[in-house]
């Protein structure tokens, strides 16, 4: 897919003159790039000195990193040293050097998703000069302002008529998602095999990995639609949309595990409320909240948010993991709280 880009240079700082740099100095360039979800997007990076050696030299080293405010959360994207090139994690087989000429260290990210949004550093080292360039990647058309999540209540799958679906989302600090919001989430990688209500009264579900039980393998990725359904008689799950948080979502440190009632009271004692499902999804998706501790939420479910997949904590993908709706008297879990600003 051809990407639609709008690139704005935010600032340019050069050590030395505008056209060449002293040996051993570092150049810094900041660029902002916008792209459509699902497209291929180019993050630009070039060696800024005209006197530098060409990238074709086997001693040239190019390193791309996705950076966070907390350096411990930084992610390696691509490393190139001569003929050796390696991509990492979720970028593997999706990121490639553009290499239009010997001074081009730009990368192409295929199938741009919301998880790719953020700040990147491009480091170029050739033994003579170091170049550090910063690229911010954002979704075309504005900042991310919410997250779509599928919701199934305690009573089990496919038990909500349309009015029940509206109430279910509202109870989780969310609203029933629109078609555009679900479509946007699908382009961002959402894949869910259970059908759910949308705000227009249709029932649909997003598939990025076509498979037999989810509309068959003959159909490609896309939104599967059941069309409009009777709002009173038909029963399905629901897709909810939660906006960015207006307060603080957090894990409440406690000396012991809690029953559900104890969890509710513990948050109240801390001047907060027990967090809702919309809170945990917003914190996970929009704030990259990550914690490998299962905790009670307001709907009596137990979940935990993983932004950095790792062993024993959602090893294959970033996700909000659901452990189910255990016995409320069970003292096996902690609690997530939410405090309004």
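Yeah, the Cβs are placed from backbone N, Cα and C, and that goes for glycine too.
A TrEMBL annotation is a machine prediction, not a hand-curated record.
Since we're looking at a predicted model, the values are computed, not measured.
Look at TrEMBL and you will find 1-20 tagged as signal peptide. The domain 'Ig-like' annotation in TrEMBL covers 22-138. Residues or ranges marked as domain 'Link' in TrEMBL: 147-242, 247-339. Positions annotated as disulfide bond by TrEMBL: 193-214, 292-313.
A simple Cβ count within 10 Å picks out one of the disulfide-bonded residues 193, 214, 292 as the most packed, and that one is 214. Per-residue confidence over the domain 'Link' (147-242) averages 93 (mean pLDDT, predicted model). Between the alpha carbons (Cα) of residue 313 (disulfide bond) and residue 214 (disulfide bond) lies a span of roughly 26 Å. Packing around residue 313 (disulfide bond) is summarised by its Cβ count: 16 other Cβ atoms lie within 10 angstroms of its Cβ, all protein chains included.
Across the structure, residue 193 (disulfide bond) and residue 292 (disulfide bond) place their CA atoms 25 angstrom apart.
Helix first, then strand, then coil: DSSP counts for the domain 'Link' (247-339) stand at 21 helix, 30 strand, 42 coil.
Residue 214 (disulfide bond) sits 29 Å from residue 292 (disulfide bond), counting Cα to Cα.
Under DSSP, the residues of the domain 'Link' (147-242) split into helix, strand and coil as follows: 19 helix, 30 strand, 47 coil.
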